[in-house]
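Student: Input: one structure, supplied below.
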Amino acid sequence: MSRPLPYHIHFFSGLLTCWILCTSSAHKCTVRHEVADCSHLKLTQIPDDLPTNITVLNLTHNQLRRLPPANFTRYSQLTTLDGGFNSISKLEPELCQSLPWLEILNLQHNEISQLSDKTFIFCMNLTELHLMSNSIQKIKNDPFKNLKNLIKLDLSHNGLSSTKLGTQLQLENLQELLLSNNKISSLTPGEFDFLGNSSLKRLELSSNQIKEFSPGCFHTLGELSGLSLNNAKLSPSLTEKLCLELSNTSIENLSLSSNQLDTISHTTFDGLKQTNLTTLDLSRNSLRVMGNDSFAWLPHLEYLSLEYNNIEHLSSRSFYGLSNLRRLDLRRSFTRQSISLTSLPKIDDFSFQWLKCLEYLNMDDNNFPGIKRNTFTGLVRLKFLSLSNSFSSLRTLTNETFLSLAGCPLLLLDLTKNKISKIQSGAFSWLGHLEVLDLGLNEIGQELTGQEWRGLDNIVEIYLSYNKYLELTTNSFTSVPSLQRLMLRRVALKNVDCSPSPFRPLPNLVILDLSNNNIANINDELLKGLEKLEILDLQHNNLARLWKHANPGGPVQFLKGLFHLHILNLGSNGFDEIPVEAFKDLRELKSIDLGMNNLNILPQSVFDNQVSLKSLSLQKNLITSVQKTVFGPAFRNLSYLDMRFNPFDCTCESIAWFVNWINITHTNISELSNHYLCNTPPQYHGYPVMLFDVSPCKDSAPFELLFMININILLIFIFIVLLIHFEGWRISFYWNVSVHRVLGFKEIDRAEQFEYAAYIIHAYKDRDWVWKHSSPMEDEDHTLRFCLEERDFEAGVLELEAIVNSIRRSRKIIFVVTQNLLKDPLCKRFKVHHAVQQAIEQNLDSIILIFLEEIPDYKLNHALCLRRGMFKSHCILNWPVQKERVNAFHHKLKVALGSRNSAH
């Protein structure tokens, strides 16, 4: 019999298993869509547990020293292998034999120093080979000769001193060769002979200290269209020599950024006259002097970059010959500082006259003294002009400032950061095609009369944000009815509440920004007529008073009529109230920002019409309760919610529904775990809202329906009781009338002949009442006849005998019960006694009691030996106090008179 293992052995075996699992999980690759990512896992060998059908394997940022071919045999479908940022020092030829479909091989940032003829012998399908940032100092023989399909070869950041990568023709499909950041110092004839049959398009030689371009060094590269020699310390003379060597080539793009080209002249680019150069980058060269006709040899040039230079003077012939130029970048090209205007960089009149095809001109961040009458003359196709932070003394825009742009189809004009303080009437009258005007970040301080925009017939956007102050008038924008976007952020806006509204002439307005203006007074017609408005920014103002119910005249409904509004920003306005109809017309609203206000309790139906709401921001308010009746409609289709930093009251009544909604919603809730904290009650202070336990709240949930049912039943019962109490007689009356009109009053009785319908027993003092109410009934119904002592007793007959005879000849006996009856000796001793005795002897239910007063049962029994329980309910009648019930009483009496006498 085997003995069980000791407990501590089980314990340590469990720890070992856990350590193995944790170790393996720490080195777990991510596989998705046939792509395996094994990067940053500190791997020292190739994983052997990946799916065999992967096509991409990422092994970057590990500790691999080799790529053993045997380890890749199971991954024969690989097309991309990335082994960058490892410590691989050697490539084995069999690697590509194990990966016959490999197309991209990336081995950047490794320790490879040598490449043999056999290294890539089996890599015939390779299209990209990345070997940058290794230790390759020299290419011996022909390691790339079998790479017939290679398109891109990257050998940058190595120690190569020559561009010669082979001894025989090869790489016939190569299009990109990257050799930047090496130690190449000269380009001599024959170095590119190995590419004699190639289709090389781009050659990257940047950051090489090249000092010589030997004659014919590029002639082998017949299809070369792009050459980069950035940061190569090329001098003007060496640049001129380079251009001569590029003569009669297919060069189209030439990048010479960050060199030592401080001067260019008529001869600098002379060698390029036999080319079709379209792009030239001369940025960051500390260029000071641009001689006349410097670009005369470049008639095909379309893009010229001169940014980040220090040009001193632009003459009328500086751009001569650039008849096809479409884009000119002069950003930070004229940056010389001087306290004297005469020493500032100069732009002569007609300097741009040769640029007939120019469409884009960027002159940002320069130091021009101003704009002359003919500065931009000749730019007949200019569409985009950027002059941000370009002038040192452009304080006022006059009607002559842009005279030189008259007639050009300018669409965008950027004048930001120029310290402009005033816009005169008609300043833009020459720019009839302008669509976007940016005047932000200046020092404009004036009243807008509307004449400033005269002539802007096609304007779409005016940006005036971040200026000194702007005072509006009714006519401020009457000249620009086509305006769609108006930005007036942080301009100390004045007179916003003028009437009619300054924005009323803008029926096409789509975006309006009035934020950061400390606006406190606006009227309900401010946005009237802006039916196309989609975005409204009013944050960082002081509009709290407008929505208070205590506001004189009530809350100001300034959002009414904005039927197509999509985005509304009302943050930081101090709101502590929201009118119930504030958002009534905003049915297409998609985003509301009410953050950083003082909101606590919101009206229940405030969001009922926001059926399209996708984003709701209520952060940093005083909201304690999030209930379904308020937020349910708003949360229905929500994609983003921000209610951070609110003092939530973590009770069932306040947030139970909210917590349940959080647990089931797919809405993006910003920083839910950290900034949605309970404030009250004290035991939950600082506790995350999402962790609030709602299970105690659910205990009452099953009884909610029962509670509602009980409430409804109780209300119905109370209603019925009140109805019966106040109108029961009427209901009974109409019911009895309906029934007896169909069935009649008299029930079937045994065949007996009675002379009277009823004999009425009453006290002598009640005779007037009896006569008053019995006679009308007899007149109304001739078949009905009562026996009345004063009228129907036979003359000469003893009273007692007459009473007995009358009772015998009457079908019913009516007692008119009053206090008088209880005290009447004759009634008590004879009439009542005899009537009851006859009814008992004949086994009849023939007695009807009519109570004219409220007589307790015990008094009735004491005086007449009668109780109400001795008679049928329909034979006990009470005389009504209300006159309108008399008819109902008469009807009940007729029913009682017509009822059957038999007791069985």
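Indices start at 1 and increase along the chain as displayed.
Backbone N, Cα and C atoms are what each Cβ position is placed from, and that goes for glycine too.
Pasting the relevant annotations from Swiss-Prot:
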type	residues	note
SIGNAL	1-26	signal peptide
DOMAIN	27-52	domain 'LRRNT'
DISULFID	CYS29-CYS38	disulfide bond
CARBOHYD	ASN53	N-linked glycosylation site
CARBOHYD	ASN58	N-linked glycosylation site
CARBOHYD	ASN71	N-linked glycosylation site
DISULFID	CYS96-CYS123	disulfide bond
REPEAT	125-146	repeat 'LRR 4'
CARBOHYD	ASN125	N-linked glycosylation site
REPEAT	149-170	repeat 'LRR 5'
REPEAT	199-220	repeat 'LRR 7'
REPEAT	223-245	repeat 'LRR 8'
CARBOHYD	ASN248	N-linked glycosylation site
CARBOHYD	ASN253	N-linked glycosylation site
CARBOHYD	ASN276	N-linked glycosylation site
CARBOHYD	ASN292	N-linked glycosylation site
REPEAT	357-378	repeat 'LRR 13'
REPEAT	381-401	repeat 'LRR 14'
CARBOHYD	ASN399	N-linked glycosylation site
REPEAT	466-487	repeat 'LRR 17'
REPEAT	508-529	repeat 'LRR 18'
REPEAT	532-553	repeat 'LRR 19'
REPEAT	564-585	repeat 'LRR 20'
REPEAT	588-609	repeat 'LRR 21'
REPEAT	612-633	repeat 'LRR 22'
CARBOHYD	ASN637	N-linked glycosylation site
DISULFID	CYS650-CYS678	disulfide bond
DISULFID	CYS652-CYS697	disulfide bond
CARBOHYD	ASN663	N-linked glycosylation site
CARBOHYD	ASN668	N-linked glycosylation site
Student: Please indicate, using numbers and ranges, the residues of the same chain that are 6 or more beyond the domain 'LRRNT' (27-52) and have a C-beta under 8 Å from a C-beta there.
Tutor: 58-65, 67-68, 71-72, 74-77
Student: Which sequence-distant residues neighbour the repeat 'LRR 14' (381-401)? Criterion: at least 6 residues beyond either end, Cβ under 8 Å.
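Tutor: For the repeat 'LRR 14' (381-401), the list is 341, 344, 356-371, 373, 408-429, 438.
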Student: Restricting the comparison to the recorded positions ASN53, ASN71, CYS96, ASN292, which residue's C-alpha is spatially nearest the C-alpha of ASN125 (N-linked glycosylation site)?
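Tutor: Nearest listed residue in space: CYS96.
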Student: Check the repeat 'LRR 21' (588-609) against each of 125-146, 357-378, 508-529, 532-553 and return whichever range has the most CB pairs under 8 Å.
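Tutor: Looking at each of 125-146, 357-378, 508-529, 532-553 in turn, the most contacts to the repeat 'LRR 21' (588-609) are made by 532-553.
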Student: Compare the Cα of CYS652 (disulfide bond) against each of the recorded positions CYS123, ASN276, ASN292 and report the nearest.
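Tutor: The answer is CYS123.
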Student: Taking residues 6+ outside the repeat 'LRR 5' (149-170), which of them lie with a CB under 8 Å of any CB in it?
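Tutor: Contacts with the repeat 'LRR 5' (149-170): 108, 124-139, 141-143, 176-185, 187, 190-198, 204-205.
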Student: Taking ASN253 (N-linked glycosylation site) as the reference, which of ASN276, ASN399, CYS678 (the recorded positions) have a CA within 10 A of its CA?
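Tutor: So far as Cα distances go, the recorded positions lying within 10 Å of ASN253 (N-linked glycosylation site) are ASN276.
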Student: At the Cα level, what's the spacing in Å between CYS650 (disulfide bond) and ASN53 (N-linked glycosylation site), rounded?
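Tutor: That separation, Cα to Cα, works out to 53 Å.
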Student: So of all those recorded positions, CYS29, ASN53, ASN71, ASN399, ASN637, which one's Cα sits nearest to CYS678 (disulfide bond)?
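Tutor: Looking at Cα distances from CYS678 (disulfide bond), the smallest one goes to ASN637.
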Student: Can you tell me the CA-to-CA distance separating CYS697 (disulfide bond) and ASN663 (N-linked glycosylation site), as a whole number of Å?
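Tutor: Approximately 15 Å lies between the Cα of CYS697 (disulfide bond) and that of ASN663 (N-linked glycosylation site).
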Student: Which one is it, among the glycosylation sites ASN248, ASN276, ASN292, that lies nearest to ASN668 (N-linked glycosylation site) by Cα separation?
Tutor: ASN276
Student: Which secondary structure state does DSSP assign to ASN637 (N-linked glycosylation site), in the simple three-class scheme?
Tutor: coil
Student: Where does ASN71 (N-linked glycosylation site) sit in DSSP terms: helix, strand, or coil?
Tutor: helix
Student: Calculate the distance in Å between the alpha carbons (Cα) of CYS96 (disulfide bond) and ASN53 (N-linked glycosylation site), and round it to a whole number.
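Tutor: With distance taken Cα to Cα, ASN53 (N-linked glycosylation site) is 17 Å from CYS96 (disulfide bond).
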Student: Sorry to bug you, but what's the C-alpha spacing from ASN58 (N-linked glycosylation site) to ASN276 (N-linked glycosylation site), rounded to the closest Å?
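Tutor: That separation, Cα to Cα, works out to 41 Å.
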Student: Calculate the distance in Å between the alpha carbons (Cα) of ASN248 (N-linked glycosylation site) and ASN53 (N-linked glycosylation site), and round it to a whole number.
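Tutor: Each residue's Cα considered, ASN248 (N-linked glycosylation site) and ASN53 (N-linked glycosylation site) end up 50 Å apart.
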Student: How many Å separate the Cα atoms of ASN53 (N-linked glycosylation site) and ASN71 (N-linked glycosylation site)?
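Tutor: Answer for this pair: 15 Å between alpha carbons.
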Student: In DSSP terms, helix, strand or coil for CYS678 (disulfide bond)?
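Tutor: CYS678 (disulfide bond) sits in a strand per DSSP.
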